[in-house]
Structure formats: structure tokens, C-alpha cells
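According to TrEMBL, the domain 'Glutamyl-tRNA reductase N-terminal' annotation covers 7-154. Per TrEMBL, the feature substrate binding site maps to Thr49, Cys50, Asn51, Arg52, Ser107, Glu112, Pro113, Gln114, Gln118. According to TrEMBL, the feature active site, nucleophile maps to Cys50. Annotation comment: TrEMBL describes His97 as site 'Important for activity'. As annotated by TrEMBL, domain 'Quinate/shikimate 5-dehydrogenase/glutamyl-tRNA reductase' applies to 170-304. Annotated NADP(+) binding site per TrEMBL: Gly187, Ala188, Gly189, Glu190, Met191, Asn192, in sequence order. Annotated domain 'Tetrapyrrole biosynthesis glutamyl-tRNA reductase dimerisation' per TrEMBL: 319-405, in sequence order.
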Amino acid sequence: MALLAFGINHKTASVALRERAAFAPEALGQALRDARRCGGLAEVAILSTCNRTEFYAAGDAEHVAAVRNWLATSRGISEAELAAVWYAHEDDEALRHAVRVASGLDSMVLGEPQIFGQMKTAWSEALAAGTTGASLDKLFQVTFAATKAVRSQTALGASPVSIGFAAVTLARQVFESLAQTPTLLVGAGEMNALVAKHVREQGAAELMIVNRTLARAEAVASQVDAEAMPWSCLPDALARAGVVISCTSSSEPVITQAMIKQALKARRHQPMLLIDIAVPRDIEPSVAALDDVFLYTVDDLQSVIDNGLRSRQAAAVDAERLIERHVQQFAEQQRVAQRAVSLIRQVRSHAATVADVERQKALSQLRQGADPEVVLARLQHNLINKWLHAPTVSLRQLAASNDAHGLALVAGAMGITPPSTDPSETP
């Protein structure tokens, strides 16, 4: 059984395809159970964000295609379309990929920290769904430890940049200053909570937050001195806003072309910048066809992101080296563990073979009418001698070479305490 990491991400698949493959938070538990059952996996965790849908699993390589087929069928995607953007990693490569993802090295924004929290959430969801075991336990433990080392020992985690920050940077490029441009955030999740901080840091004079759950909007608004508004106020908020950044977990668009038309009319067609960083998308793509509207999606942010990455390249090289050390340590641990398993099997097989030979001898003697007590005593004697012959030879050799450490190891392996070498303890 191998460790596996497979799926799609922003490097291989368009936002249109990624949003079809994404899982809503409330559907993740069932998706985990279905993926394990339909894919024949022993263990599985799903990381589903705006930029990737990935599976981390324990199973055989042929299970990857079964999960891909299940995903294609369940999400209405053609198998060929999904296969064209699919990737898969096994064992060491799976761990290397997991750490690169968790540390932000594989993110659209190099080194962005949010993915680490999202990876932890994916692990927690799998634990809650009961789809994990010893193999994924080890994978995620090593992944989290390596990611923390990258964050603390390299500059990759310094001055973190995120998609949210890129969205705010884009807004500043369009309007130069946010001080005179009302900004609306649609959604009050983790990403927009971060966006709110960036917007406020850029000097926005008017910041509104609309969310389906008003209490959540109020919680985020209280941290950045913003105006929290109920969902019913979304049309009015759109009419006031020059910049709209939307990121909800809705499976359907929450901002339609009709809503933007109405907002533009109320604004006397003052320009609007709409930035959709949700997957699936929050804003109907047809909105881009309207005059006086500039619509950007997460894919469009790449050019903005590129401008802020140059200072992180050297840190990324250091991070890659650190990750490689962790991967190699893990690989060596796996090799030792595999050798131990193989050795245990050999030891047990040898003991079973010896026992079987002696048992057959004893049975033959009993059939010939030998005294059972004599036969059992001989069986016991022979088993002890043959089972302990090799350890006895090793102990004598170790003693002859005065190897106290080796003697202690053999004794420990046999579950006994070696005699003391301290003369003061000799009777």
C-alpha cells in the first residue's frame, strides 16, 4: 500500500473546471466516504480550495483512476477532460507535494500562509469523517512539521502575501487610492477577513461587509471598523461600492448581471471593479460584458501576484532544500520500517518452519506408540535448542568481543534484562 497525492490545481486546470470539481464544506464528509468506497482506498483526505481539489490517500496506484472516474461521474465532468489536467504522486513524491502545498510553494501566490490552515482543516475533516489511519497520520504529521520548519527557518513566511492581498493590490492599481472609493466585501469567511485587513491597511475610508450570517459579518467588521450589513442589503451595497471583492462558499453565483445593471444605473454608470476570488465563482461571467465594469477572477490575479514574488525566490530555494531534508528523512524511516517488517516476517517464517518440522516428528513418534510425555519433552527440548541456537551463537560472539551494547540489544529483543557488569553487584 502506497501513500498517494493526486488531483487538479490552478496550474493544470481552468477556474471553470476547478469550480466544477470543488466540494462545498458541508458536502465534504460524504465526499470523503464516497471517495474511499468508490475508489477502493484504505484512507483518504480531501483538500478543496479555490485553487485545487486534491486527494491524499493510502492505497494502490490503480485506485487513483477509480477516484478520478468517481469524481468525473459525480461532478458531471468528462473523464477525458479531467484526465488531461490530472496529476498523481506516490510515496516520497506524495509527501514532497504535500509539504510544498502546505508551505505555500505550490500556491498561486508563492508562500501564502492560508493554505497551511486549509490543509489542517482538510485533515480535521478526514478525522471527523473516519477516513484516516496510520498512513495518513504519518503523512500529515511530517507535512505539518516540515511546513512549520519552513515558516520558522526561512524567509518564505515573512510579510505573507495572499490572493486577498493580490485582489487589494489590483484595486489600488485601478483606482490608485481606496480612500475615495467605497469597498464592498461579499462574504465574511477566512479569505475576506484577510482582505478586510488589507483593505483597511490601504486606507479605505468606507468598507462594507455583506454576509448571509449577519453575526459573522459583524465579527469581521468589528476587527477593521467596517459596516456590517445583512444579505438583504446586497443590492444597495453594490450601488454604493466602487470596488467589490466577493468570496463566499455558494455553489451558485450570488451576484448576477441584472444586479450589476441595477447598481450601475443607481451609480449613474460610475465604473465598478469586481474581483471574484471564489470557486465556484460568485459573479456571473456575463457581467464582464457590461460597460463601465471591470471583472476579474482568481485566474486573472496571476499577473498582479507575479509583481510581488521576486523577493521570495531566494527564500523558496532555501525552503526547497529544507523540504528535501524532511522528505529524505521520511524516506529513510520508511525504508527502515519496511526492512523491519520484512525481517519480522522472516523471523516468524523461520520459527514456524522449525516448529512445523518438530511437530511432524512428534506426531510420527506418537503414531508409532511412543510415550506422549517423552515425545512432548523431546519436542520442547528441540524447539528451545533450534529457536535459540542463532541468538546463543550471537551472544557468545558479542561476549567474546566485550560488546556490552550488543549484548543489551539482544537481551532486550528477547525481553530479558542482561546481567549487571558492575562488580559491586556480584554476590
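Just so it is clear, glycine is given a Cβ too, placed from its N, Cα and C backbone atoms.
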Same-chain neighbours of the NADP(+) site, Cβ within 8 Å of the mean position of the Cβ atoms of Gly187, Ala188, Gly189, Glu190, Met191, Asn192 and not counting those residues, run in sequence order as Leu185, Ala193, Leu194, Val195, Val220, Cys247, Thr248
Cα proximity to Ala188 (NADP(+) binding site), best match among recorded positions Thr49, His97, Ser107: Thr49
Measuring Cα to Cα, how many angstrom lie between Thr49 (substrate binding site) and His97 (site 'Important for activity')? 16
Could you state the CA-to-CA distance between the residue listed as 'active site, nucleophile' and Glu190 (NADP(+) binding site) to the nearest Å? 12
Report the member of Thr49, Asn192 (the binding-site residues) whose C-beta atom has the most other C-beta atoms within 10 angstroms. Asn192
Same-chain residues six or more away whose CB lies under 8 A from the CB of His97 (site 'Important for activity')? Ala5, His89, Asp106
Between the C-alpha atoms of Asn192 (NADP(+) binding site) and Gln118 (substrate binding site), the distance in angstrom, to the nearest integer, is 14
For substrate, residues beyond Thr49, Cys50, Asn51, Arg52, Ser107, Glu112, Pro113, Gln114, Gln118 with C-beta within 8 angstroms of the site's Cβ centre include exactly Gly104, Met108, Ile115, Ser162, Ile163
In whole Å, note down how far the CA of Pro113 (substrate binding site) lies from the CA of Met191 (NADP(+) binding site). 11
